[in-house]
Amino acid sequence: MFCFMVEVERIVKANDREYNEKFQYADNRIHTSKYNILTFLPINLFEQFQRVANAYFLCLLILQLIPEISSLTWFTTIVPLVLVITMTAVKDATDDYFRHKSDNQVNNRQSEVLINCKLQNEKWMNVKVGDIIKLENNQFVAADLLLLSSSEPHGLCYVETAELDGETNLKVRHALSVTSELGADISRLARFDGIVVCEVPNNKLDKFMGILSWKDSKHSLNNEKIILRGCILRNTSWCFGMVIFAGPDTKLMQNSGKTKFKRTSIDRLMNTLVLWIFGFLICLGIILAIGNSIWESQTGDQFRTFLFWNEGEKSSVFSGFLTFWSYIIILNTVVPISLYVSVEVIRLGHSYFINWDRKMYYSRKAIPAEARTTTLNEELGQIEYIFSDKTGTLTQNIMTFKRCSINGRIYGEVHDDLDQKTEITQEKKPVDFSVKSQADREFQFFDHNLMESIKMGDPKVHEFLRLLALCHTVMSEENSAGELIYQVQSPDEGALVTAARNFGFIFKSRTPETITIEELGTLVTYQLLAFLDFNNTRKRMSIIVQNPEGQIKLYSKGADTILFEKLHPSNEVLLSLTSDHLSEFAGEGLRTLAIAYRDLDDKYFKEWHKMLEDANAATEERDERIAGLYEEIERDLMLLGATAVEDKLQEGVIETITNLSLANIKIWVLTGDKQETAINIGYACNMLTDDMNDVFVIAGNNAVEVREELRKAKQNLFGQNRNFSNGHVVCEKKQQLELDSIVEETITGDYALIINGHSLAHALESDVKNDLLELACMCKTVVCCRVTPLQKAQVVELVKKYRNAVTLAIGDGANDVSMIKSAHIGVGISGQEGLQAVLASDYSFAQFRYLQRLLLVHGRWSYFRMCKFLCYFFYKNFAFTLVHFWFGFFCGFSAQIALDTSYWTFINHVFIWGSIAIYFSILFIMHSNGIFGIFPNQFPFVGNARHSLTEKCIWLVILLTTVASVMPVVAFRFLKVDLYPTLSDQIRRWQKAQKKARPPSSRRPRTRRSSSRRSGYAFAHQEGYGELITSGKNMRAKNPPPTSELEKTHYNSTSWIENLCKKTTDTVSSFSQEKTVKL
């Protein structure tokens, strides 16, 4: 007797496969395919017979096997039915074969596993729970691992999580101190027998809870100790980890949706039509059966002598019953199986049109567009909602330092000889950095004035660049070639430090107590006295350093709305200029950051530093006291200027989004990235604008807060007079959504909705999701930030289920696979994050801008062609079938066919192929020299057509004939458009009228929306890495402890990890409690 055990907690023992096997944990083999050898036939046949027509023809085939009622052979039905099913099965098998191939490629990757006290190469699929694995730099993580030790100090390692959340900035993971001592000692690792008790497999990427028991002591585990499958080890020579979750139990696979059988609206329409036509067919059969019974009872007796029937052998009622089934077979051509063959052929042709489209070919990487399925082409023309990833889909994820404002002057603009601002062209030469040996060769800057200011020794410019080189969390190292390499947690910081590097202020190295930079060729070491770290509440970071001359300075950078409040009153004029510059930068879609500094008195700093030490040692209200001290010293700042960093969009993104919006297609951005970063991209893409009536931010920390924020947002949107449903009444859901679709058309303003992942988790609950969907569908733009791959799929399913709309999901990474599988149509972009999204998609190409042509050209044409084909096809078949119905009144309803099927098929082939053959035969004969040689008297004018075309009168006749033929049609269509315009014609007229009536836009000064754009740097992490840097845990250098009183505080922070974890939790809680509705 077997019993099904539900896993309530996971218990894993290291280096003990026998112990772990009794729990029957999943192995590390993954399966993304739909079929195997045993299940292919039944599952595929089940899917195919979901088509009503296939089931209909199967029943028809069974009827044709009964001799008493069939006047047609079963061969005419079974051959095309088997042909259609076989062709579809071969196509499905081919698609699944590539999935198997991809699975095998992943499962057969090699990994070093500790077995029998030595490292052995094992395939990923043979890795078991409890095994200890060695990873090397730039290697993919095979399973969800507990980090034991690494090559970095104190068991740190850096991982890239692009396949999980789309972020390419590095994350820090650190091992327990008790396990980091194991190092790379194979014998000690082999003797490690710790037992981990943790949570069961789940899809939460940012949470992990567990306990490690080893050496009679227990150690708590959190997400910082875990490396997830799909991550890539970066900037770490090696690390060892213990497998906790394997294969389908890993968080990556838990977030991957299942491959679903997708059908188009045309397929569903055809199923509905088949049902109606089948009902119509039954009505025809009943009419003819009744006619046969009447005819048999009144006239049929006169024919029995000729038919040698015995008296009473066949009643009229029974004859009508048999006739009914006979006519069901005869009239089956009203829905012929050739319909589906023809549809599949047309779809195949449309797929080749997409594959052959040169306007969707990306020449830089030689990547063409590819239709990976042939069954969804016409659905492309019906898309209503697009769900898009951000990183790598809308953006290139490349940060570039573009412009800056220093002391009220903008650098980065290009002017002509008349001092007029001009666009940067290819002819414009950038600043030459080749003379600088340590400059980044890929960095380009076109304004030569900044270099001139540096050479002239402008103190403000030097201080500005000095701040960029000092105030950051970047780590530096040299590669084998002696080149300086920066390790950055945020691409924004990398862009700023690289810019300072190219302008002569080169960040060289750092220790917990010092920062060394090279200022215009001179090596300068600054004493790092304090590090005022970033968090989501402060939205800024500051450092306090002492230069070789003994001056103490505070350097700060952060969001302009926060930093401007800390400025000294003497900065009023400069503040006004810099604010105008920031508005200009923001209008161009650049991410801005304010820069300021303060000179500190030595005595004042020592007093403040003493209070900071006391606050660090406090047991109560420690964080509040530290935050207060940070606020106290970060005041009376002197403004230096601002930076403008461009997060490069892919080419044509803005135009594509604009045109898709004009087509009434709504675009939702679902990203795992930070909120402010996503908002910046929204502004850069013109999805968010300062002209919007309102931008709603949902950041509740529980279901009650989320429901309240949604209610307030809807009140602001609709006004106070409308009674809102709270989502609890499920029976009124359909009526409510129908009302929403009506109200949606009455919304006159532009609104946007921004929601965080933790709030979305509560909003997707059954009693809140109706409110979320109602509000989101009324907004022009929806941005979901910090969402997991599973939440992306849940949002898509929500719209699919309750809006009954056709959806499309587009992404480029493994974190987009579940979303791509859930949508009606999935599009994969061949980006920098691998081919997982492409392999799971229905269509793929290299750039987001090609989506416009895919939908508005190929999708529209495919839909029109398919609709016209279906109309013609049903007309043809009704015309052919009703001939037999009418013939029944002339043959005594005897179920005889008017036209023999084989004869009719032969006639079809003769007229189709024969007409083509005759046309080309005559054409070739009339233009050949051979016919003249055979019949010179009958064809004396060979080449007459060629000579005739040289005569002007011939061309005049052709022109007049063409005009005479075309003008009536043109006139008819013109009158039809004018008198009976279609919906598209009406929309075009309205758009033209709007353009004419719209007054010329005048650029007027506008109050910039608060927090419309901010540097993504300030939001790269929930908590900064300042304490990690100042503690020295991530540095290899082993320096003696400092003797300076100002530096002792860094070595007193022995519990930096615990403090960091505690700060992270508190910061998230405080940030989530912000209930601001407007940005």
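Each Cβ is built from the backbone N, Cα and C atoms, and glycine gets one as well.
Counting residues per DSSP class in helix, strand and coil order gives 31 helix, 2 strand, 34 coil for the domain 'P-type ATPase N-terminal' (12-78). The domain 'P-type ATPase N-terminal' annotation in TrEMBL covers 12-78.
Under the heading transmembrane segment, TrEMBL lists 72-90 (among others).
The transmembrane segment annotation in TrEMBL covers 273-295 (among others).
According to TrEMBL, the transmembrane segment annotation covers 315-341 (among others).
If you look up TrEMBL, you'll see D389, T391, D812, D816 marked as Mg(2+) binding site.
Its Cβ taken as reference, T391 (Mg(2+) binding site) is surrounded by 28 other Cβ atoms within 10 Å in the chains shown. The ATP binding site annotation in TrEMBL covers D389, K390, T391, E493, F534, K557, R591, T671, G672, D673, R786, K792, N815, D816.
Positions annotated as active site, 4-aspartylphosphate intermediate by TrEMBL: D389.
The domain 'P-type ATPase C-terminal' annotation in TrEMBL covers 838-898. Across the domain 'P-type ATPase C-terminal' (838-898), the DSSP tally of helix, strand and coil residues reads 41 helix, 3 strand, 17 coil.
According to TrEMBL, the transmembrane segment annotation covers 878-899 (among others).
Marked as transmembrane segment by TrEMBL: 911-932 (among others).
Marked as transmembrane segment by TrEMBL: 953-975 (among others).
Taken from TrEMBL, the feature compositional bias 'Basic residues' covers 991-1012.
What TrEMBL lists as region 'Disordered' is 991-1017 (among others).
Residues or ranges marked as region 'Disordered' by TrEMBL: 1030-1051 (among others).
Each of the binding-site residues F534, R591, G672, D812, N815 was scored by the other Cβ atoms within 10 Å of its Cβ; the lowest score goes to F534. Restricting the binding-site residues F534, R591, G672 to those with a CA within 10 Å of the CA of T391 (Mg(2+) binding site) leaves G672, listed by sequence position. The binding-site residues considered are D389, D816; of these, D389 has the fewest other C-beta atoms within 10 angstroms of its C-beta.
Within 10 Å of D389 (Mg(2+) binding site), counting C-alpha to C-alpha distances, fall the following of the binding-site residues F534, R591, R786, N815: N815.
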